[in-house]
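I have placed the structure first, in the form of structure tokens, so that the comments after it can refer back to it.
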Amino acid sequence: IPSVSSIVPESCLLIVVGLLVGGLIKGVGEKPPILKSDIFFLFLLPPIILDAGYFLPLRPFTENLGTILIFAVVGTLWNAFFLGGLMYAVCQLGGPGLNHIGLLANLLFGSIISAVDPVAVLAVFEEIHINELLHILVFGESLLNDAVTVVLYHLFEEFANFEQVTILDIILGFLSFFVVSLGGVLVGVIYGVIAAFTSRFTSHIRVIEPLFVFLYSYMAYLSAELFHLSGIMALIAAGVVMRPYVEANISHKSHTTIKYFLKMWSSVSETLIFIFLGVSTVAGHHYWNWTFVISTLFFCLIARVLGVLVLTWFINKFRIVKLTPKDQFIIAYGGLRGAIAFSLGYLLDYKHFGMRDMFLTAIITVIFFTVFVQGMTIRPLVDLLAVKKKQETKRSINEEIHTQFLDHLLTGIEDICGHYGHHHWKDKLNRFNKKYVKKCLIAGERSKEPQLIAFYHKMEMKQAIELVESGGIGKIPSAVSTVSIQNINPQTLPLERVLPALSKDKEEEIRKILRTNLQKTRQRLRSYNRHTLVADPYEEAWNQMLLRRQKARQLEQKMNNYLTVPAHRVDSPTMSRARIGSDPLAYEPKEDSENLPIITIDPASPQSPESVDLMSEEPKGCSGLPPSPEEDEEGLVMRVKEPSSPGTDDVFTPGTSDSPSNQRMLRCLSDPGPRPEPEEGEPFIPKGQ
């Protein structure tokens, strides 16, 4: 019935089925089975966690690991203590039925009910196809908060047996969190490396390759639970560590077997968990207390919303991609509770916790409310708020190449800046992985770098064999490629033969090789630092040149203050002769210009322009002395520029022509005075010239 399944999540329907089955069994007069905690933790939970850890989207998970850890650790601790403290206050004020529940029992109840459940989150979030960021934040929190839940549960359970709790016990309990979480991760990494190393030697027995993945993963979970470490953390670590090496060693059929067997196994476990939740609701012993149950539900919602708002305000100070109010609402609304809380409540001992039935009733109420109400309304809310959905199509090779290129670019930028950021450590890890780990855990040629070339040779050889078999070509030299074969003997190919298209498996293999074997970043050099820069030997000479240039500019500015006529660009001697020869009227002195020098130039001067220095021209009449008759006949006297002595700076060394009087004279020469407006139709060169 598609109309029902589009509104109601599958987990809700399975709980309803469980309620109906439990009611039928009870109606017949039999006792319905109850979901025992041993069966749940040993057989039903591991397949779901292994499926989630083995196919975990590693890139978004690692990029948002800090945010996930803050939500998982700090958020769960806040929920547990906030809820436990408020429930203790409710019990003290709630009347005679609740007065006997102490602080430790309420804190234990808060630690059970505060953790987000990965099974419920997976069941709901995979149906609404939320975007990758929100999915990995909520799902990653539900996976990693297992360590906090395990520590708090065992801690308060042990403290309930103590007559007096000392400060040392509290400190040891705090340290046990690191032991449980890091110990679980270490156990998972060890078994993941063993599984990868074992898959290196399974090339002759492909049938049992998938068995090693399941065996070592389950061994990691059991080993962690044996020492009261976090089994969920061990399973996730084992799946993440073994996957890249195992998939490089095993065959494609084994990879397909692992993929679909894990999906099937996790689906069966998820179905059984929700059905048993419904059956256990009918079969279990309940003690209903309105005050306790309603307070639990209300404070659960309040604690979740407050925790998400405060933590997101803090996280957004350090995130580049900020979490918007819509994202915060989905994270707070997606905090679903599930079967883990029910199983932990079922594990409580009647001797120390006589209120166990009331705890279980409140836990089942919270589970039903989050799964039914929040699970059914989150999809229309996502549509209403227009939250970004997940991309259904796979990324193209072009997108993957550019993503890899940007990673290398950011690594290079961090490399130059000397900033040890996320991309720097990721690059270090990749280098260590390719240099040492892959050689030990991956068999044969696949551990070496040019996998794409090896894959191309393999395809070329296969195509050549098919060509020989179909066309019946005789002896073919080994060095000749398939392209040259087709050029030599085109008539042997059948007319209808078309080169086979790549299958999905081959395309996926090419995509994977391209993704993992792109250009590596350069070797790390010393980062630039102002304290470690080598002194430049030419720096002092450059400073002197800059000082000379500055002095020259200051002198020019002073001269500009004395001169009212703006300076024109100095023409070369040849251009000056040409202009005067073409329009001598422009250079005739005016009536009011008695102080200006009269300049006459012989256009047919034999001097070459190269030997003339305009800075050395001295017109008559400007030096204050009367002109001699010889100078009247000669016109403008031009002197040859003397060559500068070797070793001097031609640009910045001041010469004799740099004196203020010479510069003033240069400005007199460079200004031709106002040019009369030419009449219309008048030639450029007047007649008779």
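Just so you know, the numbers here start at 1 and follow the chain as drawn.
Glycine is treated like the rest: Cβ placed from N, Cα and C.
Fair warning: this is a prediction, and the values are worked out from it, not measured in the lab.
The feature coiled coil is assigned by TrEMBL to 504-531.
Summarising the annotation, TrEMBL assigns compositional bias 'Polar residues' to 654-664.
Per TrEMBL, the feature domain 'Cation/H+ exchanger transmembrane' maps to 8-382.
Across the domain 'Sodium/hydrogen exchanger regulatory region' (479-564), the prediction's mean pLDDT works out to 63. The domain 'Sodium/hydrogen exchanger regulatory region' annotation in TrEMBL covers 479-564.
Among the features that TrEMBL reports, region 'Disordered' is placed at 585-689.
Marked as transmembrane segment by TrEMBL: 6-25 (among others).
Positions annotated as transmembrane segment by TrEMBL: 37-56 (among others).
According to TrEMBL, the feature transmembrane segment maps to 68-91 (among others).
Among the features that TrEMBL reports, transmembrane segment is placed at 103-124 (among others).
Residues or ranges marked as transmembrane segment by TrEMBL: 136-156 (among others). Using a Cβ-Cβ cut-off under 8 Å and counting only residues 6 or more beyond its ends in the same chain, the transmembrane segment (136-156) has close neighbours at 49, 52-53, 57, 60-61, 64-65, 67-69, 71-73, 75-77, 80, 104, 107-108, 111-112, 114-118, 121-122, 125, 173, 176-177, 180-181, 184, 228-233, 236, 330-331, 334-335, 340, 344.
Residues annotated as transmembrane segment in TrEMBL: 168-198 (among others).
Per TrEMBL, transmembrane segment is recorded for 218-241 (among others).
The feature transmembrane segment is assigned by TrEMBL to 262-284 (among others). Proximity of distant same-chain residues to the transmembrane segment (262-284), defined by a Cβ-Cβ separation under 8 Å and at least 6 residues beyond the stretch ends, is recorded for 11, 14-23, 25-26, 31-35, 40, 43-45, 47-48, 50-52, 54-55, 119, 122-123, 338-339, 342, 346, 357, 360, 364, 367-368.
Long-range neighbours of the transmembrane segment (290-316) within the same chain, counting only residues 6 or more positions beyond its ends whose Cβ lies under 8 Å from a Cβ of the stretch, are 66-67, 70-71, 74-75, 78-79, 82-83, 86-87, 90-91, 94-95, 98, 109, 113-114, 322-323, 327-328, 331-332, 335, 337, 358, 361-362, 365-366, 369. Look at TrEMBL and you will find 290-316 (among others) tagged as transmembrane segment.
What TrEMBL lists as transmembrane segment is 328-347 (among others).
If you look up TrEMBL, you'll see 359-382 (among others) marked as transmembrane segment.
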